[in-house]
Amino acid sequence: MAEFNHVHSVTEVPEGGDAKPSFHHGIFLEPQEKKRSMKALVVKQAKKTCSCTPAKVKDYVFSFFPVLQWLPKYNLREYLLGDIMSGVIVGVLLVPQSIAYSLLAGQEPIYGLYTSFFAGIIYFIFGTSRHISVGIFGVLCLMVGQVVDREIQRAGYDLEPAAPGVLMDAAAYLNTTISPTNQTLHKLLCDKSCYAITVGATMTFIAGVYQVAMGFFQVGFVSVYLSDSLLSGFVTGASFTILTSQAKYLLGLDIPRTSGIGSLISTWINIFRNIHKTNICDLITSFLCFLVLIPTKELNEYFKSRLKAPIPVELVVIVAATLASHFGKLKETYGSSVAGHIPTGFLPPHPPDWNLIPNVALDAIPIAIIGFAITVSLSEMFAKKHGYSVKANQEMYAIGFCNIIPSFFYCFTTSAALAKTLVKESTGCRTQMSGMVTSLVILLVLLVIAPLFYSLQKCVLAVITIVNLRGALRKFRDLPKMWHLSRVDTVIWLVTMAASAFISTEIGLLVGVCFSMLCVIFRTQRPEAPLLGWVAESETYESLSAYKNLQTKPGIVVFRFEAPLYYINKECFKSTLYKQTGVNPAWVKAAKKKAAKRMLKEKEVDSGSNQTNISVDFVSEPLEFHTIVIDCCAVQFLDTAGIRTLKEVCKDYGEIDVQVLLAQCNPSVRSSLVRGEFFKEGEDHLLFHSVHQAVDFALGAQGHCGTNASK
């Protein structure tokens with residue numbers, strides 16, 4: 001590296017070539033050796049992957065089953081009490097939510113309990129996060145329920161509730177192979193509730209396969225397109241749809257569940273059309289449950305730092321409501337809709353319906369993406385908070401198997417849930433053992449307690465579901481703060497929320513992703529591009545529009561473009577540069593040609609007139625600057641259009657005697673310039689490490705030219 005006083009330029013030397021320095025001193029950078037060819041890299045990776053040693057097999061098994069790593073090191077004295085306490089508390093909270101969210105997914109209550117039971121056990125084996133609670137998640141239940149309703153309609157089942165008591169008998173027949181062509185026999189053996197769980201389990205299986213495939217091919221990068229504002233807006237928008245789907249239970253209305261585009265509006269239209277049929281008993285019960293649940297939930301939050309465990313108000317409400325409904329004979333007397341028979345024990349495993357896969361394969365994609373995105377983000381958030389690491393790829397495997405394996409046991413889609421995870425963390429959870437304890441609590445309900453909920457009114461379950469939406473709906477209170485921090489994120493939140501609520505959940509997610517990507521494109525299409533000024537007594541240059549008391553060097557304009565330079569914003573780059581400098585080379589050249597033509601015409605009339613002298617003076621009028629320094633520190637990359645644009649700018653300004661210098665280019669940009677033949681032999685195009693060095697060079701070059709001219 002050459003040493004020099006003030007002028008520093010960068011010249012890249014090709015391998016095996018000689019640098020040709022100009023009149024100034026330069027820094028000569030020799031590129032690193034090129035990486036191996038793609039073929040060599042593939043061969044090396046294949047050898048590494050296909051090699052098999054006992055140590056490698058052991059590492060693979062232990063990484064695929066994390067329970068083998070942490071369970072032998074489990075400290076009973078330190079961890080057990082906290083894990084048991086948090087597991088029992090989450091289990092007590094999860095029982096009523098599992099029953100309530102089953103309605104949201106279009107399933108019988110028993111299937112919600114199955115889902116929560118198996119999810120806890122499987123995540124215990126495959127998961128790497130110590131704190132997240134994996135189980136039923138409201139938004140995914142809503143998405144599953146919409147598909148289930150659609151497939152039930154396609155299959156020709158009516159949308160009336162299935163008769164209670166036939167669940168076990170009908171589901172048991174599922175173990176018999178049914179010919180897909182014999183639709184009559186299929187309907188006889190499988191009623192609506194049986195077909196609903198068949199659809200739900202099949203879609204859960206496909207979603208799990210997608211998640212495992214994403215883990216295997218390491219395509220977790222898909223989740224980067226789901227920003228925090230997008231996910232928050234999506235969950236809030238879906239919460240409106242959840243609330244709408246549960247409103248009919250609050251009023252005791254027996255109306256079909258609508259799905260598809262505009263389902264929220266059409267559902268409310270149906271509700272108001274049938275509001276005269278409101279069941280007063282269900283309405284009063286819903287009102288009383290709200291009066292109990294909302295204040296108690298608020299007290300739980302307000303005193304969460306003082307309470308060792310939250311008050312299990314949902315379980316208390318369910319027990320009280322069940323007793324009141326049973327002894328008050330609300331179903332027989334007032335026609336209240338109740339949960340019905342909830343059997344004990346487990347059904348024999350049964351594979352998903354392979355014939356349904358083409359119908360639900362597309363619907364499972366957004367469910368799989370939302371499920372793993374929420375699970376991975378929550379696991380990383382709590383791991384960072386508590387000072388340990390999680391493997392994002394293994395988390396995708398874990399949540400995938402939490403869907404694949406339970407789909408054989410009449411379960412529907414699961415993921416991590418923030419509310420239950422917060423409860424789990426705050427009640428002393430230390431390891432994944434807490435999830436196993438939660439599953440044991442649910443097992444107790446499945447084996448003994450479940451039938452006691454026969455008389456539980458569905459409106460109580462709907463109230464529990466709606467009250468648990470408080471967190472998502474409260475996001476509206478954060479909008480002013482979000483707007484202050486980032487207006488773009490706020491607009492993304494609003495667009496995603498509105499699309500998810502008023503169009504549909506799946507389309508809302510797609511709209512949110514597309515809109516957020518468009519926002520990124522628009523921000524790079526018209527980025528900030530200020531002129532820079534010198535900070536006195538330093539080598540720093542900052543925006544003239546952002547800071548006061550900055551100085552400018554005579555005859556030099558410093559311009560910064562704060563985005564990649566590519567085909568989308570190349571015209572913006574040129575127009576902004578012309579506007580900021582006040583000089584469009586094409587206009588200057590056109591003005592000179594026009595003046596020259598006018599001068600020639602005037603010479604023909606009178607070559608010695610005064611008017612000619614004015615024209616000559618106009619043509620020779622100098623510009624206010626002789627050098628433009630482009631600060632490329634924010635230009636992450638160039639494409640072919642960007643390189644061509646820079647060439648045109650340098651050429652156009654060169655024709656009016658203005659040199660263009662580039663400063664602070666990163667290695668990627670330099671490499672692109674070299675490959676794009678930006679530097680031609682004989683032309684003195686230079687790259688500089690800093691703006692200050694480029695300005696010093698321009699001042700020195702101009703002084704050198706001025707000295708030669710005076711001589």
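Even glycines carry a Cβ here, placed using N, Cα and C.
Whatever TrEMBL says is automated annotation, not expert-curated.
Per TrEMBL, the feature domain 'STAS' maps to 546-698. Residues or ranges marked as transmembrane segment in TrEMBL: 79-104, 110-126, 194-213, 219-243, 311-328, 356-376, 397-419, 439-469, 490-518.
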Cβ under 8 Å to the transmembrane segment (110-126), counting only same-chain residues 6 or more beyond its ends: which ones?
64-67, 94-95, 98-102, 134-136, 167, 197, 200, 342-343, 346, 394, 397-399, 401-402, 405-406, 409-412, 414, 432-433, 435-436, 438-439, 442-443, 445-446, 450
Restricting to CB pairs under 8 Å, which listed stretch, 79-104, 356-376, 397-419, is in contact most with the transmembrane segment (490-518)?
356-376
Is the transmembrane segment (397-419) close to the transmembrane segment (219-243), in the sense of at least 3 CB pairs under 8 angstroms with a sequence gap of 6 or more?
no
Range from 194-213, 311-328, 356-376, 397-419, 439-469 with most C-beta pairs under 8 A to the transmembrane segment (79-104)
439-469
Which one, 194-213, 311-328, 356-376, 439-469, has the most C-beta pairs under 8 Å toward the transmembrane segment (397-419)?
194-213
If I count Cβ-Cβ pairs under 8 A between the transmembrane segment (311-328) and each of 194-213, 356-376, 439-469, which range comes out on top?
439-469
Tertiary contacts of the transmembrane segment (356-376), defined by C-beta under 8 angstroms and 6+ residue spacing from its ends, are 132, 134, 137, 139-140, 143-144, 147, 151, 154, 198-199, 202-203, 206-208, 210-211, 214, 220, 222-223, 226, 231, 234, 392, 395-396, 398-400, 403, 413-418, 505-506, 509-510
Mean of the pLDDT scores, which run from 0 to 100, over the domain 'STAS' (546-698)
80
